[in-house]
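Working notes, beginning with the structure itself.
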Amino acid sequence: MMIMRKXHPLLKIVNDSFVDLPTPSNISSWWNFGSLLGICLVTQIITGLFLAMHYTSDTATAFSSVTHICRDVNYGWLIRYMHANGASMFFICLFIHVGRGIYYGSYMLSETWNIGIVLFLTTMATAFVGYVLPWGQMSFWGATVITNLLSAIPYIGTTLVEWIWGGFSVDKATLTRFFAFHFILPFIITALVLVHLLFLHETGSNNPSGLNSNSDKIPFHPYYTIKDLLGVLLLLMVLMILVLFXPDVLGDPDNYTPANPLNTPAHIKPEWYFLFAYAILRSIPNKLGGVLALILSILILALFPLLNTSKQHGLTYRPITQFLYWIFIANLLILTWIGGQPVEYPFTTIGQMASILYFSIIIIFMPIASMIENDILKLHF
């Protein structure tokens, strides 16, 4: 008799994706982050569902409903902080996952890579609308500032902003629709994840050597299920340490003040995971130019497969591009720091220089470095 997991129509899909999947034998722990993102997504959906049971998306009661969750609901504080800090863990895993893709040349699997970019943008949109829901000062002003950027679009900008707001300012209609978006988007993300995996399993995984690994594959279970389980335990440990010991360390104190349209906070800034993009936005004095730079800071990822001039897959044996890669990572950290600083000298100048470097490394320096490496190694085929 055939094993059920291999013959059953539904179990067969699960089996081919998580059990009998042929996997390169040498993939390192940097490949764990895909499964960790899956765990983050499931955690966020579950905690989010329980929060939605007690939350009210009305300007008069939103802030107090979050307070009620933390004070009166059984383990409400735990669910709320797991959800808030879970978002931070989600983005940490996301950044590492994308960083690994850039380092090891995974962008050459272009369908998987492009769906990944769509996933990244959708996750950013979800996190943004979610941050508005507690209806604190930073929620309100963050929503006002970021949605207002759309007014930079010529001709239709102002109409578009008012259409998104559902009125002439961020108000009850805005909060209600943002809650609706925040509820539906994770399920859209889940569907996109399945497409992401579908495309990945068409080609198979990349590996640290950058060489074809078809001759040396091992089953996903038990080898990588155990390896992923270690990652999951470490992730949950870090998350719970964050939640139980320093739950507010990544948040903004201003968000403990109820939203007040008549009082602007001294420094309006988004959550830490958006600061790099916010710094790029602020580094351009022109409104439309800033918005375009903001969008391009993410969409530039789509250029990686097109700008690849190297004859080798990944940066494992390419020291010059490796050096540029780590400068790029350091530059990203500088942008994150600048995004959280006030708009004054010297921060503006540092931000402008870091923004120029961000785009220059990807568009100019990396392709040139790859060509130099080809030349040194005489890879002219």
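Each Cβ is built from the backbone N, Cα and C atoms, and glycine gets one as well.
In the shown protein chains, 22 other C-beta atoms lie within 10 A of the C-beta of HIS182 (heme b b562 binding site). Per Swiss-Prot, heme b b562 binding site is recorded for HIS83, HIS182, and the stated evidence type is similarity to another entry.
When secondary structure is read from DSSP and collapsed to three states, HIS97 (heme b b566 binding site) falls in the helix class. Counting only same-chain residues at least 6 apart in sequence, those with a Cβ under 8 Å from the Cβ of HIS97 (heme b b566 binding site) are PHE33, GLY34, LEU37. Taken from Swiss-Prot, the feature heme b b566 binding site applies to HIS97, HIS196, supported by similarity to another entry.
As annotated by Swiss-Prot, ubiquinone binding site applies to HIS201, with the evidence given as similarity to another entry. Taking the Cβ of HIS201 (ubiquinone binding site) as centre and 10 Å as the limit, one finds 14 other Cβ atoms among all the protein chains shown. Annotation note: HIS201 (ubiquinone binding site) sits in a helical segment as assigned by DSSP.
What Swiss-Prot records for 33-53 (among others) is transmembrane segment.
Look at Swiss-Prot and you will find 77-98 (among others) tagged as transmembrane segment. Proximity of distant same-chain residues to the transmembrane segment (77-98), defined by a Cβ-Cβ separation under 8 Å and at least 6 residues beyond the stretch ends, is recorded for 30, 33-34, 36-37, 40-41, 43-44, 47-48, 50-51, 66, 69-71, 116, 120, 123, 127, 130, 235, 238-239, 242-243, 247, 250-251, 271-273, 301.
According to Swiss-Prot, the feature transmembrane segment maps to 113-133 (among others).
Swiss-Prot lists 178-198 (among others) with the feature transmembrane segment, giving similarity to another entry as the kind of evidence.
Same-chain neighbours of the transmembrane segment (226-246): 29, 32-33, 35-36, 39-40, 78, 81-82, 85-86, 88-89, 93, counting only residues six or more beyond its ends whose CB sits under 8 Å from a CB of the stretch. Residues annotated as transmembrane segment in Swiss-Prot: 226-246 (among others).
Among the features that Swiss-Prot reports, transmembrane segment is placed at 288-308 (among others), with the record citing similarity to another entry.
Summarising the annotation, Swiss-Prot assigns transmembrane segment to 320-340 (among others).
Feature annotation from Swiss-Prot assigns transmembrane segment to 347-367 (among others). Panel annotation: around the transmembrane segment (347-367), residues 279-280, 282-284, 293, 296-297, 300, 303-304, 307-309, 321, 324-325, 327-328, 331-332, 334-335, 338-339, 341 of the same chain, lying at least six beyond its termini, place a Cβ under 8 Å from a Cβ of the stretch.
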Separation of alpha carbons, HIS201 (ubiquinone binding site) and HIS182 (heme b b562 binding site) (Å): 29
Length of the line joining the Cα atoms of HIS201 (ubiquinone binding site) and HIS83 (heme b b562 binding site), in Å: 30
Neighbour tally for HIS83 (heme b b562 binding site), based on other Cβ positions within 10 Å of its Cβ: 21
Euclidean distance between Cα atoms of HIS83 (heme b b562 binding site) and HIS196 (heme b b566 binding site), Å: 24
